[in-house]
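What follows is one structure encoded as structure tokens, with my remarks underneath.
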């Protein structure tokens, strides 16, 4: 008699997408980040749900309610620290997942890649509106500066900003709607994750060689499920250690002050995971140009599949392209550093050069090197 997991209508879906899923034998630890992102999403939704039970989305009470959660709610400090630092780990896994996709040519699964970009945008929006909720100084001014960038759009910009704010400045209406967005968008992201899965399982996973592995696959369970469990351990251990021993490592000291519209912080900056995009925004002196560059820094990923010129899918045997991609990684790290620094020389020039290099590598150098490597193969 067939097993229940193979015959039950619901369990069969779970079985086909996890337990008996045909998986390439040679996938490395770089393929662990998908499951780690799933873990991060579940952890963020659960901790966020408990925080929402005690949080008050009102400008007069938001700051105090966060302090109340940390001081008076049973294990509230731990839930809050896990949620705040969980976002950092979430983005770290996201960027490594994207980097793996770029290195091994996973972007050629266009459906999977495009739903992944949509997920990235949704999670970025969620993180941004979530950063505003504690109503600290950097929360308030970060929200004011970033949302006011929409005013750069011709004709509709000012109306759009006022519509988003719910008034003429970041105020109570803004905080209330940002809380609603922060609560709701992760559930939309969960639905998009299902789409991401759907597209991925339509084509099957890529592997380090970039070659078809249809003739050489094994079930996901037990081999890779145990490997994923080890990944969970290796993620949860440093996250818990950070939340317990150094919870404010990635936070901003200004957020220990209640939001004050009358006092501007000396240096306004977002969380570390947005700094590379913030540096690209600041590299353009023109406001509208900066906004377009900010959008392009993320949306440029959508054109990567169309710029693939190499006969080989993976970079595993393409040393020149490897060097180019590692240069891109270093460029992103430089942009992250520049984004967190004050806007002054020579840092401004370094940021502009790094921004130019970022787009040049993705749009020109990688496709050119693919063509050159094709010629070398001939």
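Each Cβ is built from the backbone N, Cα and C atoms, and glycine gets one as well.
Since this is a predicted model, take the numbers as computed values, not measurements.
According to Swiss-Prot, the feature transmembrane segment maps to residues 77-98, out of the candidate ranges 11-32, 55-76, 77-98. Transmembrane segment is the annotation Swiss-Prot gives to one range among 267-287, 288-308, and that range is 288-308. Here Swiss-Prot gives transmembrane segment for one range in the set 157-177, 178-198: that range is 178-198. Proximity of the transmembrane segment (178-198) to the transmembrane segment (33-53) is established through 3 or more Cβ-Cβ distances under 8 Å for residue pairs spaced 6 or more apart. For residue 97 (heme b b566 binding site), the nearest of the binding-site residues by C-alpha distance turns out to be 201; the candidates were 83, 182, 201. Taking the C-alpha positions, the distance from residue 201 (ubiquinone binding site) to residue 182 (heme b b562 binding site) comes to 29 Å. Taking CA atoms as the reference points, residue 83 (heme b b562 binding site) and residue 196 (heme b b566 binding site) are 24 Å apart.
Each of the binding-site residues 83, 97, 182, 201 was scored by the number of other CB atoms within 10 A of its CB, and the lowest score belongs to 201.
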